[in-house]
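One structure is given here, and the rest of the page talks about it.
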Amino acid sequence: MKIFFKKEYFKRNEFYIFVVLIVLSLILTLINPTFLTFNNIFDLLRNNSFLGILALGELIVLISGGIDVSFTAITTVSQYIMGLIITSYYLDNIFLTFLIPIPIGIILGLINAVIIYLTKVHPVIITIATLNIYYGLLIFFTGGKWMYSFPPSFTNFAYIKVFQISTPEGITGLSIFTLFWFLLAILTWVILRYSPIGRKIYAYGGNAEAARRAGFNILNIHLFIYGYMGLLSGIAGFVHAQLGQIIQPNAIVGQELDVIAAVILGGASISGGSGSVLGTILGVLLFAVIKNGLILMKLPSYWHQVVVGLIIAIAASFTAYQSKMKNKRMVKIDVE
Amino acid sequence: MLNNKLELFFKKNIEIVILFAILLLILFSITVLTGGKFLKAYSLEAMAFQMPLLGLFALAQLIPMLTGGIDLSIISTANLCGIITALILTKLNTWYAIYIAIFLGLISALLVGIFNGLIISYVGVPPIIATLGSMILVKGVSLAITKGYVISGFPDNFLFIGNGYLLGIPVPFVIFVLFNLIIAIILYKTTLGISIYMVGSNPLATLFSGINNKKVLFKSYLVSSFISGIASLVMISRFNAAQADYGGSFLLLTVLICVLGGVSPSGGFGRVLGVFISVTILQIIGTGFNLLGLSSHLSNALWGIILIFVIALNKLYSRIR
């Protein structure tokens with residue numbers, strides 16, 4: 001029992017987000033009891049699985065000290081090519097459909113990795129450039145028409161529930177996409193925590209020069225990080241098309257900063273070396289709850305942006321203040 | 001003697017020289033491809049009207065980037081300024097309305113700059129997160145003011161800013177060139193400018209040489225928000241309308257323009273002339289593709305490819321040296 005009440009837990013970023021999340025949920029439930037119904041919670045988890053999956057990839061990139069803004073374009077490209085293939089060849093097999101976007105995502109991610117490694121320019125610049133290249137070429141070659149009539153297997157898959165419960169409002173259950181999200185979260189956690197490459201990513205993000213001198217293969221680390229981001233972007237492209245049952249090439253590009261904001265709110269440092277899967281999930285959920293709560297409170301959606309902006313500013317200021325205090329204490333010890 | 005000087009000039013300004021060569025190359029190929037249509041007066045005039053908008057935003061991005069930071073909130077700031085200006089212009093029907101509108105609009109932009117500057121320099125939040133927060137926050141405020149609607153219909157004397165001519169030259173272009181000069185003077189001739197470069201290249205050494213880093217950072221975000229405000233005046237006057245989410249696609253482009261223009265993403269290096277040439281390159285591609293009937297998405301893609309090409313070229317050159 002003692003292990004659950006370790007003192008460190010209260011110092012961690014995740015703890016604060018968790019408390020904010022709980023308090024916010026309580027307030028929302030008091031204002032509108034529909035918030036804390038199974039129906040609403042399951043919907044929330046289903047609709048945010050897309051952002052949640054992308055956030056996991058961005059987490060790994062941020063831990064390595066990089067940043068990727070091209071993932072929205074990768075998601076769009078892999079999703080669009082998947083849509084083109086299944087509508088023009090009428091591919092009525094959900095498993096094969098699922099497999100199409102993944103290699104596309106990985107290849108585009110690897111291209112990012114190679115360019116970043118060779119030029120040694122900050123990843124934000126390279127990925128802004130590749131965002132424009134991937135997206136621009138996609139729209140140029142395909143014309144960017146919307147797609148909405150898919151084979152039945154594609155349509156039916158969206159309604160699969162992992163388990164179902166019956167509530168007064170009707171039958172509801174945990175969506176398969178939420179399961180995707182959580183399984184990928186566990187995978188990411190295992191990679192970061194237990195695999196050699198995961199530990200190398202933390203080391204590289206903490207101090208790139210030290211990692212290089214310790215003999216790490218930097219190219220491999222880059223290939224893994226951006227390849228993994230590409231893989232998750234491919235899966236997220238599939239999930240996004242499933243959730244909306246429509247493929248619009250302009251629906252995803254422009255959301256990159258939302259995802260990055262959620263990951264940073266979850267405690268990942270923009271300068272690399274720190275961040276956790278749990279924090280990232282909580283960060284995504286916090287954004288989701290705010291959005292959902294404002295809708296339930298029937299406030300116009302633009303207040304959502306004001307609240308989110310304020311939360312980012314306050315959370316970032318709080319973190320900066322904390323590290324400043326920590327540094328001050330460290331300096332004191334140094335002098336003594 | 002002359003050869004030596006020339007060699008020195010090339011060595012010192014290699015990035016500008018490479019950029020200028022690319023500019024000439026693109027100018028030449030677009031002119032040939034369009035069969036000379038590109039150099040006709042009307043397409044040059046169209047360019048002189050379109051270029052200043054992106055150019056002013058790029059200048060707003062330049063100064064934070066020189067300090068080693070970034071300002072993601074420039075577009076939101078501009079839209080807020082535009083909305084405040086537009087509201088006063090449409091509500092107030094007196095001859096001095098235009099001056100009050102511009103004044104209060106710029107004040108609102110400066111308020112965002114003060115907010116950014118405070119939390120970046122005095123609280124110590126990394127610029128990318130701080131301005132990400134203010135970008136979303138300010139956009140929310142703009143949306144809350146307009147409820148998503150467009151405010152349009154401005155008096156003629158205000159439309160002059162975006163559509164008029166001064167001695168036959170489009171007014172936006174005059175404003176753009178003027179601000180290039182102002183920023184160049186600030187950067188090269190004032191203490192603030194030199195401090196900005198120093199903070200960008202080595203903050204610790206700058207601090208120990210007795211410069212107040214915090215003040216420098218604060219002022220640089222203030223200048224950035226002011227230029228965003230100016231850009232917004234040109235923008236809403238040109239469109240004859242203001243809205244909460246105009247120009248969203250400009251944000252990442254401004255970062256690209258700066259980097260292509262030789263600004264180092266880690267700060268400390270970069271020149272106004274480089275940014276000016278790189279904006280011109282982008283505009284030539286955009287207008288040229290438009291004349292050729294090619295999609296603007298293709299020009300965006302080409303833009304990204306050119307950036308990576310230039311980065312690789314600079315890398316290669318520095319390795320040879």
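From the backbone N, Cα and C atoms, a Cβ is placed for every residue, glycine too.
Keep in mind it's a predicted model, so treat the numbers as computed, not measured.
Features as listed in TrEMBL:
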TRANSMEM  A:15-38  transmembrane segment
TRANSMEM  A:50-74  transmembrane segment
TRANSMEM  A:94-119  transmembrane segment
TRANSMEM  A:131-150  transmembrane segment
TRANSMEM  A:170-192  transmembrane segment
TRANSMEM  A:221-239  transmembrane segment
TRANSMEM  A:259-290  transmembrane segment
TRANSMEM  A:302-321  transmembrane segment
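The transmembrane segment (A:170-192) shares more Cβ pairs under 8 Å with A:50-74 than with any other stretch in the list A:50-74, A:94-119, A:259-290. When each of A:94-119, A:259-290, A:302-321 is scored by its Cβ pairs under 8 Å to the transmembrane segment (A:50-74), the top-ranked stretch turns out to be A:259-290. Segment contact holds for the transmembrane segment (A:259-290) and the transmembrane segment (A:15-38), given three or more CB pairs below 8 angstroms at sequence separation of 6 or more. Within the chain carrying the transmembrane segment (A:94-119), a Cβ under 8 angstroms from the stretch's Cβ atoms is held by residues 66, 68, 70, 73-75, 77-79, 81-82, 85-86, 126-127, 130, 134, 153-154, 157, 218-219, 222-223, 225-235, 237-238, all 6 or more beyond its ends.
Counting only same-chain residues 6+ beyond the ends of the transmembrane segment (A:221-239), those with a CB under 8 A from a CB of the stretch are 49-50, 53-54, 56-58, 60-61, 64, 66, 68, 71-72, 74-79, 82, 97-98, 101-110, 112-114, 116-117, 177, 180, 184, 191, 197, 200-201, 204, 211, 252.
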